[in-house]
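Participant: Take a look at this one; I'll ask things after.
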Amino acid sequence: MADLDSPPKLSGVQQPSEGVGGGRCSEISAELIRSLTELQELEAVYERLCGEEKVVERELDALLEQQNTIESKMVTLHRMGPNLQLIEGDAKQLAGMITFTCNLAENVSSKVRQLDLAKNRLYQAIQRADDILDLKFCMDGVQTALRSEDYEQAAAHTHRYLCLDKSVIELSRQGKEGSMIDANLKLLQEAEQRLKAIVAEKFAIATKEGDLPQVERFFKIFPLLGLHEEGLRKFSEYLCKQVASKAEENLLMVLGTDMSDRRAAVIFADTLTLLFEGIARIVETHQPIVETYYGPGRLYTLIKYLQVECDRQVEKVVDKFIKQRDYHQQFRHVQNNLMRNSTTEKIEPRELDPILTEVTLMNARSELYLRFLKKRISSDFEVGDSMASEEVKQEHQKCLDKLLNNCLLSCTMQELIGLYVTMEEYFMRETVNKAVALDTYEKGQLTSSMVDDVFYIVKKCIGRALSSSSIDCLCAMINLATTELESDFRDVLCNKLRMGFPATTFQDIQRGVTSAVNIMHSSLQQGKFDTKGIESTDEAKMSFLVTLNNVEVCSENISTLKKTLESDCTKLFSQGIGGEQAQAKFDSCLSDLAAVSNKFRDLLQEGLTELNSTAIKPQVQPWINSFFSVSHNIEEEEFNDYEANDPWVQQFILNLEQQMAEFKASLSPVIYDSLTGLMTSLVAVELEKVVLKSTFNRLGGLQFDKELRSLIAYLTTVTTWTIRDKFARLSQMATILNLERVTEILDYWGPNSGPLTWRLTPAEVRQVLALRIDFRSEDIKRLRL
C-alpha cells in the first residue's frame, strides 16, 4: 500500500507540461492504467489525464479561433490561381524574347567586331604603304635638299622619317622589298648625321659672326632633328654672350658716371634695371619661336640658362655697389652705433638716405623681373601641362620655385635687404630722436613740430620699405616703426604728461601772488623785474596742453597710416607678390600698429583725467559748494526776487564758461569736447552731493528745477556729448522736489512711470522727499515704492 501523504511515483510516466500539446497522444498508456490496483495511483493518473485534457482543449480553442482567418486566406489563394497562371505564361514568353534578343545581339556584335578588325587592319596596311612611300620620298627629298642647301626642307624630310612608326618599318624590312628599304634607311641615317653636323657648324659660324637671322634660322632646325635640348643650350649660350657683353658695357659706363649726374645716386639700380630689361626683351622676342618650333614647356629651359648668366652679372654689379657705396662698412658702423654704451662716433643719418633708397630700388627691380619670369614660365607650363598628370604639374611647379627662390639674384637681394633693415632702423631712430630734440612750438598752433616730423620720418621709412616690393622687408619695418612709436616716442609724450598741469587752486593762487610780490619787491630794489617764474608756469600749462594735442594727433596719424598701408598692400598682393602666409604676416603687423593707436588713446585719456582733476575739479567744487549759501526754503517774494536776480546758476555758468574758454583756444576740438564731457560728469556728481545736503520747500524745489534746466541748456550748447543722460538723476530729484504732496510720487512711479526710467532707488527717492521740510516723515515712510 502506497503512503497516502506522498504522491505516487509512476515509473515511465512524466508530468504533462502546461500548454504543451501539438497533436501528440497521451503519455499514459491503457495497459498502464489496467495494471494499476491502488486507488491513490489511479487518482494520480486521473489527475494527469485531466491536465492533458485541459491542454488539448486550449489548443483546440486556439485553432478554432484561427479558423476564419485561415478560411479567408484560402479563399484568396483560390482566387489568385488563374492570375498566377497568366503571369507564368507571360514570364515564359518574355524569357523567350530575351533569349532571342540576346542571341541576335551577340551575332550582330560579333560581326561588328569583325568589321572593326578588318577596318583596323586596312588602316594599318594603308599606313604601312604610306610609310614605305614616305620613306622613299624622304630619302629622295633629303638628298635633293642637301644638294641645294635647302636645310629647312632637308630637316623637314628627316623629321618625317623620325616620326615614322619604327615597328612598321621593321615589318617592312621583313617583306619582299626589305633590301630596298634597308638601303633607303641607311641613306636616310647618313643624311641625318650629315645634316646634324652641317646645322651645328652653320649655327656656330652664325653665332660667331653675330648674324642673328642665321642664328634663328638654324635654331629652328634643331627640334626637327630631335635636338631640342642641344638647340636650346646652344641658342642660350649665344644669348648669354649678348647679355654679358651688354651688361659689361653698362657697368663700365656706370663706373665712369660723374657724381654730379642727376641719376648718380641710383646708378647701380639703373644698371640692374638695364640688365633685367635686356633679358626680358630677349624672352619676349624669342618666346614665340620657342613655343612654335620647340613646343610648350620648353621656355623654362631657355630661361634657366639665361638666369645663370643673369646671376653672374648681378653678382658683379652688387660687388661694385658694395665697394663703391661702402655698404658693408656702413652697416658695421650702424651696428656698432645701435649697441648700448657704444663709444663709436655716430654716423650721420643723411649719409644713409641715398644708399637705402638705392637698395630698395634694386630690390624692387629684382622682384619685378622675377615676377615677369614666373608669369612667363607658368603660362608656358599651363599650355604644356593641360593634359598632364597632377604629379607632372607639381614637379614643374617645384622646378619653377627652385629656379626663382634659389637663384643667386634672390639670395643676393635677401642679403642686401637684411642689412638694409638694420640700417633703416638706425636711420629712423636717429632722425626721430633728432626731431624730438629739436621740437618747437609756434604760437597759434595746436601741436608742436615733432609730431609732423616724426610721422614724416616713419612714413618715409615704411614707404621706402614698401617700395622694395618685399613683404618681409615691409613687415620688418612696420614692426620697427611700431616699436619706435610705442616705446621711445610714446615715452617722450608720457613723461611730458607726467609733469602734470600746474595746479590752480585758491591756495596756489595765494602762493603765486605772494611769490610775485616778493619777486617784484626784490626786483625793484635791484632795478629790474624778472617774470621768469610766472612765464615758466604758463609755459608748463601750454606744454601740457600741446602734449595732449600731440597725443591725439599721433593716434589719428597711426590709424591713417594703417589704412594707407592696407590700401597700398592690396595693390601689391593683387600683383602676385607674396601668398596667403605673407598676407597673414602683414595683417598681424597691422594689428600691432592699430594696438599702438589705442595705447595713444589711453594715454590721452590719462592726460585728460589729470587735467580734469588738477585744473577743473579744484575750481568747480567751490563754485558748486556756493549752492549752500543760497537758501531754497523761500517764500513767494524771494522766489520772484530770484527770478530777477539769479543768486547762483548764472554766476556758476559764467565761471564755467570763463574757465573752459582757456582750454578751448589751446586744445583740438576732439580733446576739448572730451574734456567738456569730463567736466559735465564732474558737475553732475558734485551738484548731486550738494543737493542731498540741502533743504527745500515747494518754491525752493521749483527754483532748483529752473536752475537745473538753465545749467543743462548751457552745457548742451558747449559739447556734443549726451548731457541729459548724465543729469538724469538730478532731473528726477528736481521732479521729486517739485511735488505738491508726498503721494504724488506714485503718479510717476512703478506702472505709472510710462517711458520714464527711474535712475533713483526707492531709498534714494525717500531721501530726496525728506529734503522737503514741508513733507512729514510719517507720510514718506508710509509710501509703498
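Cβ atoms here come from the backbone N, Cα and C positions, even for glycine.
Below, the features straight out of Swiss-Prot:
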type	residues	note
REGION	1-24	region 'Disordered'
REGION	2-84	region 'Interaction with SCFD1'
MOD_RES	Ala2	N-acetylalanine
MOD_RES	Ser6	phosphoserine
REGION	85-153	region 'Interaction with STX5'
REGION	618-740	region 'D domain'
REGION	741-785	region 'E domain'
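Situate these features within the shown structure.
Facilitator: Summarised as a single figure, the pLDDT of the region 'Interaction with STX5' (85-153) averages 79.
The DSSP breakdown of the region 'D domain' (618-740), given as helix, strand and coil counts, is 95 helix, 1 strand, 27 coil.
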Participant: Give the nonlocal contacts of the region 'E domain' (741-785) in its own chain as ranges (CB under 8 Å, at least six residues past its ends).
Facilitator: 633, 691-692, 694-698, 701, 728-729, 732-733, 735
Participant: What are the helix, strand and coil residue counts for the region 'E domain' (741-785) according to DSSP?
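Facilitator: Counts, helix then strand then coil: 24 helix, 1 strand, 20 coil.
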